[in-house]
Ligand SMILES: CC(=O)N[C@H]1[C@@H](OP(=O)(O)OP(=O)(O)OC[C@H]2O[C@@H](n3ccc(=O)[nH]c3=O)[C@H](O)[C@@H]2O)O[C@H](CO)[C@@H](O)[C@@H]1O
Ligand SMILES: C=C(OP(=O)(O)O)C(=O)O
């Protein structure tokens, strides 16, 4: 299994191109199931999760074609890909494919809306909590679907088309908002979604669906209204820059010091996190070509954070922020409110010399002047990258095991960081 070896202690200086967002690309790709026309997506990141979803969609009959080479705009591997679901050949998403990735469950909505039936295995994904699918089921039932959970599968039908309705999400859910919004585009009549997720990825999806002929208003607010239409057409749409990748590299600079331009990044997609990073002592500026992050040699100020749905501080940046706080000048409190088991990085950061105590859903981080390199391993994507950030700032050698987690969400991580002066390499085995 591949590992990442880091020799810490260098400042980061230079430019890092920000890739298309994994969490925007995945639902956009799934939206291709809603039409028999071609959906062209620009800026699709080259990531393990994207490749896995291509396989899942292929099983349903979606053809894909990569028609762009490297995009000059960010010199990354992010590509333009055509997805065409001319005929849906299979409405079952099997366990072997879906168990690897949470978002693959989301095919249930478009399959049901277009074909009237779907049988989808209950999902896998990052092991950060129980992550049930009750809201998806309740929401689709509100649109008239019949759903049974049997043998590890959600078996759904809506023989006479889905029917628009009012649905109030009992809890803000990004995935359930994506699914109900996609499903309602082809339902009969009007759907009103209340307490919907306001994440930029929801807005990106709504804009794509509208370009395909859907009638969606209010995406980005907590009330989304959808007038159902009979069919959707193809469209061309661009994946937004990855705000989690952006925040991750910003925190790396805030920790190591230096001056890095995050090319193509948009500060408006993570204002809350940038405000927090600025309070730690880094300087963040939006420029025409991206977001510039600088920090001089002064100490890192401790800041308390609580994760919240957008526009709050994102749970997907919690681990990385904890890494930053391990070297702050005092005590900080980090409270996780979205997932009940998202502190697996704590014991790994401790191997590097971090002092962190857990009290329920709050981590109390007592900053230390230095971390020291060690062997570490994480069990989820963002936890893994928090160890990379800590390794960049630690003295000596850090080896991060189980790199496949990183490959799910970070395009060319080692290359991007080493171009800014980090000593980081992949050891293949
Ligand atoms: C591919 C993708 O975009 N993943 C993101 C998405 O995950 P995902 O869409 O899975 O996360 P949700 O917003 O649905 O989860 C929020 C909370 O709702 C709970 N819940 C959700 C659905 C449900 O049916 N029942 C239920 O109880 C979850 O267990 C969690 O506690 O949003 C999360 C929250 O910003 C991010 O961490 C993930 O990176
Ligand atoms: C939790 C994440 O992904 P997933 O929802 O696919 O598990 C993530 O992107 O941090």
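FYI, residue positions are counted from 1 along the chain as it appears here.
Glycine too: its Cβ is placed from the backbone N, Cα and C atoms.
All annotation found in TrEMBL is predicted automatically rather than curated by experts.
From a predicted model like this one, the values you see are computed outputs, not experimental measurements.
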Same UDP-N-acetyl-alpha-D-glucosamine site per TrEMBL - residue from 90, 316 joining 102, 171, 172, 173, 174, 338: 316
Binding-site residues whose CB lies under 6 angstroms from ligand 2, from 102, 171, 172, 174: 102
DSSP-derived class (H/G/I helix, E/B strand, else coil) of residue 23 (phosphoenolpyruvate binding site): helix
Of the binding-site residues listed as 173, 174, 338, the one whose CA lies nearest the CA of residue 23 (phosphoenolpyruvate binding site): 174
Packing count at residue 23 (phosphoenolpyruvate binding site) (other Cβ atoms within 10 Å of its Cβ): 22
Binding residues 102, 171, 172, 173, 174, 316, 338 (UDP-N-acetyl-alpha-D-glucosamine) - maximum C-alpha distance in whole Å: 18
Residues among the binding-site residues 22, 102, 171, 174, 316 that border ligand 1 - Cβ under 6 angstroms, in sequence order: 102, 171, 174, 316
